[in-house]
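A.B. asks: Following this message is one structure expressed as structure tokens.
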Amino acid sequence: MNRYNSLIGLLILFFSCNFCFSQSSEELWLSYSQPLNNKLKETYTSKIKHIQIKTFSETGEIIKTELQMLATKMLDTSISFTSTTPQIIIAKIDNLDSKFKQKINSQSLVNNESFIIQTITVHQKDLLIITGKTDISLLYGTYCFIKQLQLHKDISSISITDSPKIQLRILNHWDNLDGTVERGYAGFSIWDWHLLPGFKKEIYYEYARANASIGINGTVLNNVNSNAYILTSPYLQKVKTLADIFRPYGIKVYLTARFSAPIELGKLPTADPLNEEVIQWWKSKISEIYKEIPDFGGFLIKANSEGQPGPNTYGRSHVEGANMLATLLEPYQGVVMWRAFVYSEQQSEDRAKQAFNEFAPFDGAFKENVLVQVKNGPIDFQPREPYHPLFGAMPKTSLMMEFQITQEYLGQGSHLVFLPKLYEEVLSTDTYAKGKGSTIAKIIDGELYQDHRITGMAGVANIGTETNWTGHPFAQANWYGFGRQAWDPTTSAESIAKEWLSMTFTTDSLFIQQMTPLLINSREAVVNYMTPLGLHHIMNAEHHYGPGPWIANMSRPDWNSIYYHRADSLGLGFDRTQTGSNALEQYPKEIQEQFSNIHTIPEAYLLWFYHVPWDFKMKNGHTLWYTMAWYYQQGVNEVKNMQQTWEHMQPYVNNDIYQDTRMLLEIQYSEAQWWRNACLLYFQQFAKMPLPEFIPEIPHTLDYYKALKFPYAPGIHPSWN
Ligand code: GCU
């Protein structure tokens, strides 16, 4: 935006809005404080004055409070909740008067969370109905209605029917019982285990409210690298308090169970899943949990990976481990989410192949209430990975997606990266599992395999005790976007960006027009300045922050950068074709055909699958070396563009957010340069070619970058410090 536009923008805002900068970052996308012009304000006010809520549950109270909050904050008015001549009726379909019910297509309420928002005409007057089968569906319908107002939509003849496409929409908290958060960059855990069960902090309600507003219906409270103590009776009391708070918001509580808990808590000599005493121990533990929390969701398990205990320790398989717990949870409708992220103790020929090799042969063997939870890519939440080959390879198993919302490998707390763009790329990828168009979205939402029992999507949370919840103000968008895509995995990143920006800041079109591309492009920017062309895992090995292509760990050569990028005098990249590890073989033939030719593989995955000569001629006619340098520079330039756009956004956001984001973008810009400089200097030793002319002079030597140390790196598992 040029200065002239920004001036016009300011004037428009000044004259047309009830203008105040009360956007509050604590209230996320629910502050109801965006500027609203007087005309719209009057229209909305006149339409929501009298509302009848025909449900007397706690959820009904939440609906009431939310609507009242909207009226007060957005419209400076209050709502009268009345049964005489209401303009809006919020009622379960079974409680609607038959004269209203017959005007509504209740067939479209396909599940217990679906809702309908519809304007009907009664005695020549408009009446707005929000209905569904359950209280929770009414809550979802209400949030959707509120969103229409936040987006300044015309609500005069509104007609919306919606339902979640995925059943389990879950946050995974990697929160430790000592209050730290593994890979968390937004402060400490919001669960105050010390003060629970007695002390019900306001933040628990706010957390539930925010999640309900985007349809998240489950939360795993503790880290996948788990501590068995969460399963002790005193801790279960604490968990119960949280479950009771979350229930009226439609959110179930789940726990990560440590597979060796029968040893640690039950003092048994083994945790062998086929041992009778072990089974009995779990049986009575599960019964204890359900006595306290009758709608407990179930267990998440990280087994035999990165030192976590599991069935393999006892010569048993993942299936034997998962099914033992699933059998015991079945009477209570509980589920097991068994993670496929397995990094075994033994060194593997190619880490990217391990999960597929361990899990694909078990297709069809897991019980119906087991979901296998698979990360989006075969390595580990990199800025870009090819999709995980298990998607499409286990048609008889409920596969659940695991995305990371916290930005472990993507600049952590300081880089602005809009992740729905990454999620969209993964979800829309074609696996060809049942012919063309077999996208990952269709696998995880069950469309492709109709007989699928349970569908799910998990996101590793980015929430902490920071006042704005997520540290970076724009990281809120990733939480929001995850919820939207878990609700409907075909939701576009662009529509999410627009919604989030409008709901959080302002619907002003000048703002939205400039900020939407900023968000959308931010994902490609991080790929470019960190790991272009299919490079991966070249971060510092422990805290995963900053470049570390030189990192070597000779005791575990498969856990370091050198292993992944394989730079040598001949070229760069990991040969995963037939001449190398042949990980490509794990993908369907359509992908193999395209990827097994170095000239037809998408360049975005080139170095993931090939060891490419430095002077290889790329599609742009330049060498690999030149092109790689071009991408690194492009990433830096993109961050510069983000800074320039942001400079003009001051009129639209409150000053704190403006200044914080400005400072963060400065950090991001200097770190994008750090990545470019360090990686290019390191790889140049092998390429032995000059830096292209567009790379500015690098002020330091490689040794300088190698010597940079962080005295404190947040978010690491305490035992790894
Ligand atoms: C990554 C991450 C760990 C985490 C692991 C997992 O390796 O760095 O902190 O425990 O993923 O997903 O289990």
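Using N, Cα and C of the backbone, Cβ positions are placed for all residues, glycine too.
This is the feature table in TrEMBL:
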| type | residues | note |
| --- | --- | --- |
| ACT_SITE | Glu306 | active site, proton donor |
| ACT_SITE | Asp380 | active site, proton acceptor |
| ACT_SITE | Glu408 | active site, proton acceptor |
| DOMAIN | 28-143 | domain 'Alpha glucuronidase N-terminal' |
| DOMAIN | 149-469 | domain 'Glycosyl hydrolase family 67 catalytic' |
| DOMAIN | 470-693 | domain 'Glycosyl hydrolase family 67 C-terminal' |
| SIGNAL | 1-22 | signal peptide |
A.B. asks: If you measure Glu408 (active site, proton acceptor) to Asp380 (active site, proton acceptor) at Cα, how many Å is it?
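C.D. replies: Pair distance, Cα basis, whole Å: 10 Å.
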A.B. asks: Which value does the mean pLDDT take for the domain 'Glycosyl hydrolase family 67 C-terminal' (470-693) in this predicted structure?
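C.D. replies: Averaging the confidence scores along the domain 'Glycosyl hydrolase family 67 C-terminal' (470-693) gives 96.
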A.B. asks: With DSSP helix as H/G/I and strand as E/B, how many residues of the domain 'Alpha glucuronidase N-terminal' (28-143) fall in helix, strand and coil?
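C.D. replies: For the domain 'Alpha glucuronidase N-terminal' (28-143), the helix, strand and coil counts are 50 helix, 28 strand, 38 coil.
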A.B. asks: If you count CB neighbours within 10 Å, which one among the active-site residues Asp380, Glu408 has the smallest count?
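C.D. replies: Counting other Cβ atoms within 10 Å of each of the active-site residues Asp380, Glu408, the minimum falls on Asp380.
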A.B. asks: To the nearest whole angstrom, what is the C-alpha distance linking the residue listed as 'active site, proton donor' and Asp380 (active site, proton acceptor)?
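C.D. replies: So the Cα of Asp380 (active site, proton acceptor) lies 13 Å away from that of the residue listed as 'active site, proton donor'.
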